[in-house]
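Database features, via TrEMBL:
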type     : residues : note
SIGNAL   : 1-18     : signal peptide
DOMAIN   : 202-219  : domain 'Tyrosinase copper-binding'
DOMAIN   : 383-394  : domain 'Tyrosinase copper-binding'
TRANSMEM : 474-497  : transmembrane segment
């Protein structure tokens, strides 16, 4: 796209919003602590006149948290989003969105009643046209202001408790970079003090559900700005790769001929500017990232610290990780042993599942291997390889879910690090999503992976899927009820038979004995059960 065309595009697009819905990024909404924007379809808050939803008080989880964050009332993300809003839209049926104006993931149609299943594919299985379209969509997202969200450029205290709103517009791609930063940033404690051992998207049970929701939202925003409802994120299967095979100008950008730390000028992405990469600067200023450009994407794949990450992950390591039966264990953080989540995230050895934070395996290995923007947690989403990588990590999560078929109760309800309990709302998403809502098969959320696809189901089976899943979630209660019912039935049967024997003994005193063989043979025993 030419600079003139790009400038024209930015002029004609209306100013927009980011992580905070535009309709809620104002003094009135902040002082009322209410985020219930009107739905354009009928002009009522949350589409209430059309029975899409209504403005309701937020129900926060009261489950206890782990000991990793020893503070209270010092971080805007605690009990998200109650510092900013305590009333939001609660949508009915299959409606979703900050104003109930969209469909839940996996549904479509004017009334959100049509089930839809899209397929994410290997980037190397795309045709040249499909691949070029994907790259063009990324570039469009980087140069298109978000129509629905703005980002916060100050804390709630810096906003004078809502009376001085601090928000700014942001492009669609950087919106998600900022959300990833905001979820993983340090806590600002005042002065020059910060608390680093906090992360609402990593190092705990919510890592996989959070990134699953993140990718689904990112995918939907691309669908909206392009009008391509069939768009899905491709994935890069990096198992056993000897180098970064997507790091070419044909795909995600090759190496610069004279500066190995930046991208080739022939790449789509060489002109991209990164945001939210200077965490120490923000900490020293006790400020939030305000999405100011901070230079080009950095990437020097393979020239990383080999003592930490000697190579890219192997198929055998992924398979061992998939064999682990516990989703979470122990302290439920980066020190957890025999935890599928911690091993896949990369804080546990992918050959033993024992925590080893001096090494970076599986998911973390990719970030370290890229040796640049991808290698710093808060700003890692600046590199577009991020979405390819996390789509594949999500496919491994999906493989584990299908193989082990865990009940929702497997996801920890309490004592996880802050923000990671099952019923906690994910930071910083509005509309609100709970961690447990994404601890389910991807097919229920409307997408599948090409290499995981199962034989097509007929329409009746598709209809039954959600009901079968609900039955599976409560099977333990059903079995327990059946056992108790069996015991009660046996006790009643014994009691009734005892009473009948006693009655027969009483009756025999006043009735003649049956001694004739023909009379004996005519006796019939009937059961009341």
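In case you wondered, yes, glycine gets a Cβ from its N, Cα and C as well.
Note that TrEMBL annotation is computational and uncurated.
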Do any residues of this chain, six or more beyond the ends of the domain 'Tyrosinase copper-binding' (383-394), have a C-beta under 8 angstroms from a C-beta of it, and if so which?
120, 123, 138, 208, 211-212, 214-215, 218, 233-238, 244, 246-247, 252, 269, 297, 299, 344, 362-363, 366-367, 370, 372-374, 442
So what's the average pLDDT for the domain 'Tyrosinase copper-binding' (383-394)?
98
Tally of residues which DSSP labels helix, strand or coil - the domain 'Tyrosinase copper-binding' (202-219):
13 helix, 0 strand, 5 coil
